[in-house]
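Here is the structure we will look at, set down as structure tokens.
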Amino acid sequence: MDTAYKRIVVVGGGAAGWMAATALATALPASTVELVESEEIGIVGVGEATFPSIRHFHRLAGIDEAEFLRATNGTYKLGIEFRDWRIQGESYFHTFGDFGDLTGPDALWGHFRRVGDAGLGTLGEQCLSSVMASQGRFQGLPSEENKPFNYAYHFDAALYAGFLRALALKRGVRRTEGRIVDVARRADGGVASLKLADGRELAGDLFIDCSGFASLLLGRTLDVPFADFSHWLPVDRAWAVPSEPSGPALTPYTRATALEAGWAWRIPLRNRVGNGHVFASRYIDEERARDQLLAQLDGPALAEPRLLRFTTGHRQRCWVHNVVGLGLASGFLEPLESTSIFLIQSGLGNLIPLLQKGRPTTAEVGGYNAGMARQFERIRDFIILHYCLTARRDGELWRHMASMELPETLAYKIHAWRQAGVLHQYQWEGFDANSWLAIHAGMGHWPERADPELAELPRDEALRALRQRRETIAALVAAMPTHDAYLRRMVAR
Ligand SMILES: Cc1cc2nc3c(=O)[nH]c(=O)nc-3n(C[C@H](O)[C@H](O)[C@H](O)COP(=O)(O)OP(=O)(O)OC[C@H]3O[C@@H](n4cnc5c(N)ncnc54)[C@H](O)[C@@H]3O)c2cc1C
């Protein structure tokens, strides 16, 4: 018996909808994929910084890097510079690169701490991509198998949705323009069809809800409860505004600057800079937050700032009956680590192998839901880490973040690091131990004792090895082109 879903309907044409449609049409050639979107409603149109896994998605979808960068005004991203998070005036870098061994006798950070030599600079100087970022240099990878560092992209979100749309249409996805006004249910509670404002009806076997914050199927129709994380992550609004680029250099990284009641992002694109202020409305009023954003811009604003409202959290189950939610329809974690697009890809990566086998069992659906819930929680914990280690006490937000009770999963990780220098990892982590180390180190949060497994190297020997690594990295970076030069060559191809 053929158990495949024959007719898949994707609801929504933002990044989530078009990524889903492209991936499903590619992976399930025997099914038809139809996407319905409403130009009248539009897309959220923010979400311009990504995570390295996007390159994996692009490879699977057969996307050419140069073509993608040209179409979306894209730039490269090596990580995020965090300014003023521990105290005002300090900054650190969360790199997508690595810090050598993280545990055992050769743990690089352990030797770095034990040697304690001011001439070595920061731990970041032991990491290739941190140094590339600090010097504005970039170069492609020799190959995916031989990766001395990792990288992601910045792009224009609206152009990216359009780029994916063109690709999906080429792959055979059918597009329907229209506003959904009603949903007909099946006897078992699932969705039978969607009714559009002009009276047309769209039936399907499987519905992928990518309707954005509206969460039309998962939220409004199926009423799946929302796991609300706003106690731990109280930011709930953002002002967003593009500005003119200033100066010749395009930084190959995002910047996140902590402010009185939130933080401001700066995302460099080839034609403009994307800016936003993410803030907690319970600690600052909207007008003051808007003024703080405008005061951050490097150049003149190119439009009026736009206000977005959100709640951090996720639907407790992302797959219910014949509806799977992806993107904002399934949840949203505040954008500090640019993880929404990553969660879309991850959802697709978990979903597609199940659909390729036919109709999944109840246990498989349960496994999918548990996996997605854990992923939201792991990323939530990672984002909280950026706030809770702060030494700032200059605003109510910072006082709340420094004193609140942490989720148990995070409290355990902090304990394991502080007590024993262990970077504990759970299943379903979005961020590996290098990322956790970058935040601990950047926030000046070091273990009380050295790892007992760390080799007792003579100080001179350890110092020599660290100096050599630093010099090798500096020489490699000095030979690389600037980010601007590399990008210019790439888009001219
Ligand atoms: C302030 C902010 C900053 C962000 N920054 C980042 C970031 O740096 N990195 C990152 O990865 N993510 C970021 N995100 C998240 C990112 O914007 C989204 O994950 C991404 O754009 C995908 O959105 P979406 O497709 O789920 O929803 P949307 O883009 O909102 O698309 C929803 C679609 O559903 C359609 N729709 C809705 N209702 C109906 C209806 N009744 N009938 C027909 N169609 C309908 C709409 O027309 C639209 O096509 C950010 C989000 C916010 C709010």
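Cβ atoms here come from the backbone N, Cα and C positions, even for glycine.
TrEMBL lists Lys77 with the feature active site. According to TrEMBL, the feature FAD binding site maps to Gly13, Gly14, Ala15, Ala16, Leu328, Glu337, Ile341. For Lys77, the entry in TrEMBL reads 7-chloro-L-tryptophan binding site.
Of all Cα pairs drawn from Gly13, Gly14, Ala15, Ala16, Leu328, Glu337, Ile341, which the record names as binding FAD, the longest spans 23 Å. Summary: among the binding-site residues (Ala16, Leu328, Glu337, Ile341), the fewest other C-beta atoms within 10 A of the C-beta are counted at Glu337. Ligand 1 lies within reach of Gly14 from the recorded positions Gly14, Lys77, Glu337, judged by a C-beta closer than 6 angstroms to any of its atoms. Across the fold, the C-alpha of Gly14 (FAD binding site) and the C-alpha of Lys77 (active site) stand 22 Å from each other. Of the listed binding-site residues, namely Gly13, Gly14, the sparsest CB environment within 10 A is found at Gly14. Taking a C-beta cut-off of under 8 angstroms and a sequence separation of 6 or more, Ala15 (FAD binding site) has the following same-chain neighbours: Ile43, Gly47, Ala157, Tyr160, Ala161, Leu164, Gly327, Ile341, Ile344. The residue listed as 'active site' carries a strand DSSP state (E or B). The distance from the Cα of Lys77 (active site) to the Cα of Gly13 (FAD binding site) comes to 25 Å. Counting every protein chain shown, the number of other Cβ atoms lying within 10 Å of the Cβ of the residue listed as 'active site' is 27.
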